[in-house]
Amino acid sequence: MEDSGNLFDVYETNGLPIWDAPQHECCVGDQDKVDRLRRRIKYYFMNPCEKYRARGRKPWKLMLQLVKIAIITIQLVSFGLSNQMVVTFKGENLVTFKHLFLKNYADGDTDNYAVYRQADVYGYISHSIKQYGNLYNITLGNHEYEKNGDSYSPLTLCQTFYRNGSVYAGNETFEIDAEVDTDCVEFYPDHHPSPEEVMSHFPLHFKRLVSVTVTFVLKAINLQTIRYRELPDCYDFTVIITFNNNAHSGRIKIEMDQDVSISECRDWEIIGASSQVLYLTEVFDCVIILTCIASFILCTRSVLTGIRLQCEYSQYCRNSSGKDAPWSDKLEFVNGWYILIIVSDTLSIIGSILKIEIENKVVTSYDICSIFLGTGTMLVWIGVIRYMGYFKKYNILILTLRAALPNVIRFICCAGIIYLGYCFCGWIVIGPYHEKFRTLNTVSECLFSLINGDDMFPTFKDMNQKSSLVWVFSRIYLYTFVSLFIYMILSLFITIITDTYTTIKQLDQSGTPTSELQEFLSMCNDLPNSGVYRLEKSSSCCLNFISRFRKDEQILTSEA
């Protein structure tokens, strides 16, 4: 795009803009400069096909975006399949550990898995320690103990309890020290203690007990990746069994969780498979990075070109009419699609770098890499709508969304205030009597489901009726919320979109300019294939001569 110099002096005739001024009151040279500015701005807003007809400029940016969509999608699918194997391996190991180390565990007992007697606590702890020591004889996987040098890492049994205290519920008296102490003991794999031995060496202070944790580390190798031509990973599972007694209600809930670290195996040999696929994958990731960098540079250049044209157009408006261009016209030069592509390119570059590091076992941040790659791919596919907008019938959708966005944001802000009010009210009043209102998060999820007509009858039915006053309040609360948000707020939201669509459709059919910028560009009747846009690259002397010749020809034609 050619730069403009100081093209604008004072263009004003009887208060009219320069494009409305009579031809004889404006010098021919200045008018040529205005026409050049019109053509440059009009060329900037052309689609790739029109730019090709106007200047023979091949749509490199469009072709690059199409190639980028294909290769980024392939990369995401490949990483998703690899990540799926990792997630499956970790999830299945957690289920395995629950069945191996939790006494009498059955699938689906997560919420109700608890003990109620002191002897049971010692029995369950002893069972976990015995199973740990007997691992080789019971596991179906390739699980191994962790080693520190030549010795195995021990299982650690810890209890946390209030430092001092005495509780006498019968007399309604207590004395407690809020400081919490921790007491730990270690058991090695070759030690199989009985419940009585655990009780004698590690007595639990049930009156002051906060929690008991059993912690140990197991190692495993994920061999299934060999079939997909990937190097197997070595896993360290830090298993944590927690006996939770925070409530001191006589019910100690048992939970199991695991922390997983993934690393490259120290020594490995694979027969019948080649590691060449790994190198090809890294080369493919590097190609994606280079493609995204090229796309980033091209889109950044287009954004800077738009900003430069915006400054020239604003300067022209100030010189011609004495006032600055409206902000709506200025924002037309800031192409949001280019900014969207720039953001997606940045995310894809970071995600690809993380993917290469994960494949080389430098880092194991699968979740962070998934966020970058997933969000980048999502934005790339959303950017495809930009090219759909070049077709007139599809463009009305984009114009409607863009025109309705300010009103939609203001409407959501107002509706959100009412929504938050209902969330806080439901949490504090109905929470003690309804499971779906126990936390602010579940309240918000429940109310959002009600807006969409989901799970409505169970929400009414599951209300606890112990308090008649709260039950009546819940009926009023739910009925008013459903009536307000479904029949009024949701309907008004749809009306905003519908009215905007109707307005855009009418303006599109009438073809009337809706802004000063569109009115300014409507004065340029040069078609993309007219050849005038190719002359923008030529010298100014030749350009002025051809422009004058075209104007004289138009005048003679009109007089004839």
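Each Cβ is built from the backbone N, Cα and C atoms, and glycine gets one as well.
Bear in mind that TrEMBL entries carry predicted annotations, made automatically and left uncurated.
Summarising the annotation, TrEMBL assigns domain 'Mucolipin extracytosolic' to 86-266.
What TrEMBL lists as domain 'Polycystin cation channel PKD1/PKD2' is 363-504. Note: the domain 'Polycystin cation channel PKD1/PKD2' (363-504) comprises 121 helix, 0 strand, 21 coil (DSSP; helix = H, G, I, strand = E, B).
Residues or ranges marked as transmembrane segment by TrEMBL: 277-298 (among others).
Residues annotated as transmembrane segment in TrEMBL: 336-356 (among others). For the transmembrane segment (336-356), same-chain residues at least 6 beyond its ends with a Cβ under 8 Å from one of its own Cβ atoms are 65, 72, 75, 79, 282, 285-286, 288-289, 292-293, 295-296, 299-300, 302-303, 306, 363, 365, 368-369, 371-373, 375-377, 379-380, 382-383, 386.
According to TrEMBL, the feature transmembrane segment maps to 368-388 (among others).
Only residues 6 or more beyond the boundaries of the transmembrane segment (408-430), in the same chain, are considered here, and those with a CB under 8 A from a CB of the stretch are 437, 439-440, 443-444, 446-447, 463, 470, 473-474, 477, 481, 484-485, 489, 492-493, 496-497. Per TrEMBL, transmembrane segment is recorded for 408-430 (among others).
Look at TrEMBL and you will find 476-497 (among others) tagged as transmembrane segment. Long-range contacts of the transmembrane segment (476-497) within its own chain (CB-CB distance under 8 A, at least 6 residues past either end) are made by residues 400, 404, 407-408, 411, 415, 418-419, 422, 425-426, 429-430, 447, 450-451, 453, 456, 459-460.
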